[in-house]
Each structure stands twice: as C-alpha cells, then as structure tokens.
C-alpha cells in the first residue's frame, strides 16, 4: 500500500528512515526518496577549502570591460552590468522557413513532428570584476542584475499584454545601451538563467548569465504553468506557490532563508541533493510586479542562498539557476496563474568532487534522491556567516 502524506505527516521523522515518494505539485510528477541509503550524507571525502583565486581583470577574458569578444567586437568599459547578443546563439531571429510537405493522413505526418523556432539570445555580465560570483556580491551589487533582467523582460513584452502598461511605470535605471534594439518579432517566452562552474558547462568564470527568448513555450515552464492553472481552478482562485510558501514558512524544516517578501528553501519534492527554490510570498507574476523593496529583498535572498552554497563544501559551488515567470506573450489566464520563482539545481552531493548523477533508474523510471530535503535544508541553514574564502 502506498504511503499517503498529508499536512500532518509532512515532518514526521519516519520519512528520514523509509523509502517513499514525494509529489511535485509544480510538475505533476513524483520523486523517489531513499534516505536509508545515505544516513550520514556528509561523511564522504573531506577536502581542504578551495583556494582558487582569479584576478579582478583578465586580459584574455572576452567578458571583461574593454576586451575584444570572439566575434571581433570590443566591450565598453562598463561599471555595472553589460548585455550583448550572444555570439553563438542557440536560436536566431532570421532563418530559412520550415514548411513540411506531408499529407495529413500519412504515417510520417502522424509520427514525425517538427516546428521552426526563432528567437534571440543574450549574455549578461553581472559585474565588471572577473573574480566575483553572486556568492561574493552584496545584495546592493545584485540589485542592478535584477534591474537588468527586468529591463530586458520589459523590452520583449507583447504590447498587447496587460503587463506592458505596468512595465512602463516601473522606476528603475534604464539599460543605457544604445546597441540593444527590440526584437524583430514577438516571442512567446524568455528564459533567464545562469550556469555556474565548469561542471555545469560554463566556459568562462567571469560572472555572467544568459537570456534566451523563443517563439515557443519551453517544456518546463509549460508543465509548471499547467499545474499552476489547475491548482487555481481547483482551489477557488488560490495560488499554489503562495500557499506553498506560507506552509513552508510555518513548517521551517525545509527553510534555508526568508525575509519579508521571499522564501528560500529545499522544496519538499526536490530532485537534486541541495536543490533550492526561491518563491515570492505574495502573488507576483513577473519581475515587473516588484517594487524597490521587493527587488532588494530578492537580491538579499539570492546572496544568502549562493553564499551558503559556497560555504557548504568550501568551494565554488556549481549550479544551474533559472527564473520562471509569466510568458512574454500570454493570455490573461496564463498571466494571472503565473507566479515568480527561481530554481537552483546543483549537482554536488557529499563534497566538492562527489556529485549526484541522474542515471539508470532516474533516467529510465523516475528521479531519485538519498538525502532528504529536510536534511539538506538543515545543512544549508548551518552555512550562514561570512563567505569561507574571505577567511583563508
């Protein structure tokens, strides 16, 4: 008989000892938890703190101020963030059209489906300093990054969206880059993300993230949006992540950090060992919904999460981080169901070199984890304080 979890059993100690499944409300899927396989998740390889240091400026770095990029263009001498169209974009604004000539009743038409995708990709440098990461930055240094995300999201919003008028009233510094122009087409979705560390495929240590806009709505935000709409319809207009943040704020066991406007913690259904989600406590659909105080609180939350990550194994902690919010071109129903949140997916398990691999059972059946979300959150809570490398 399956183990049924209710609000009363969320925190029962038995879940730290028995294998069980947890339901991911955001995806409508399950994750297998096997805590008995790893009762002491921190007993692995003990390593010395990483002392890797980078210069503040690297003349060979294509992201540093005044340096030349791979395409021959020269970066300006920027002082905050700097954005440019990706020299190696995954999608392009202009390409040859795709119009399959297949009969509607053919097997090929039934079984082999493809559609063209166009879009625009950007790189955003977080700081002119080559040696900094989000974990090194103060909340005040992170605020300009959030403002840049907001400006780019606003620039790509559909003029028909109810969010467009709201976006025009936001009081934040403009991008101040005349080389950035509005896209030639209306795109459906904008994915803002950061890959930190070579483990996550990052090819340059200079602090930066990426932004991809596409004519399609990608699978992950699409699944989440469907679940958010479903919950809203089934619970008299309530918002799933508002309710979830309220519950987690009361439960505390999976909380890593929270302030007035944001909750950050290891989701009840987390797949990765030290996965973290940042959730707006109030119903905020997108970046354009935030005021100055909320942007400062978001910056503080990002700083707290990333610093704890680095302190956990005293290393430059790798992760993939991404923002989920309302699509650029959306129906009113989609806009109102959307809820701003950030995912952090880090691969490390026991040390700076021991990783969790999603293979075998995870690839063929369903995701699986050993350390429970409660144990992971407890460990991250304990990593507060000064960034470890400042004490070396």
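Heads up, residue numbers simply count up from 1 along the chain you see.
Every residue, even glycine, has its Cβ placed from backbone N, Cα and C.
Marked as active site, tele-UMP-histidine intermediate by TrEMBL: 208. Marked as UDP-alpha-D-glucose binding site by TrEMBL: 37-40, 70, 86-87, 195, 201-203, 210, 356-357, 361-362, 368. Residues or ranges marked as Zn(2+) binding site in TrEMBL: 61, 64, 130, 206. Marked as Fe cation binding site by TrEMBL: 224, 324, 341, 343. Taken from TrEMBL, the feature domain 'Galactose-1-phosphate uridyl transferase N-terminal' covers 17-218. According to TrEMBL, the feature domain 'Galactose-1-phosphate uridyl transferase C-terminal' maps to 225-384.
Highest Cβ count within 10 Å among the binding-site residues 61, 64, 202: 64.
With all protein chains in the displayed structure included, the most crowded Cβ environment within 10 Å among the binding-site residues 87, 224, 362 is that of 224. Each of 26, 220, 221, 277, 322, 323, 342 belongs to the same chain as 224, 324, 341, 343, is absent from that list, and has a C-beta within 8 angstroms of the C-beta centroid marking the Fe cation site. Neighbour counts were taken as the number of other C-beta atoms within 10 angstroms of each residue's C-beta; across the recorded positions 37, 206, 208, 356, the minimum falls on 37. Summary of the Zn(2+) site environment: with the site residues 61, 64, 130, 206 set aside, the chain residues having Cβ atoms within 8 Å of the Cβ mean position are 57, 58, 62, 63, 67, 204, 205.
In this structure the alpha carbons, written CA, of residue 202 (UDP-alpha-D-glucose binding site) and residue 324 (Fe cation binding site) are 21 Å apart. If you measure from the Cα atom of residue 343 (Fe cation binding site) to that of residue 208 (active site, tele-UMP-histidine intermediate), you get 17 Å. Here the C-alpha separation of residue 206 (Zn(2+) binding site) and residue 37 (UDP-alpha-D-glucose binding site) works out to 38 Å. The separation of residue 362 (UDP-alpha-D-glucose binding site) from residue 341 (Fe cation binding site), Cα to Cα, is 25 Å. Counting only the Cα atoms, the space from residue 224 (Fe cation binding site) to residue 362 (UDP-alpha-D-glucose binding site) is about 20 angstrom.
The shortest Cα-Cα distance from residue 208 (active site, tele-UMP-histidine intermediate) to any of the binding-site residues (64, 87, 324) is found for 64. Within the model, the domain 'Galactose-1-phosphate uridyl transferase N-terminal' (17-218) shows a mean pLDDT value of 90, rounded to a whole number.
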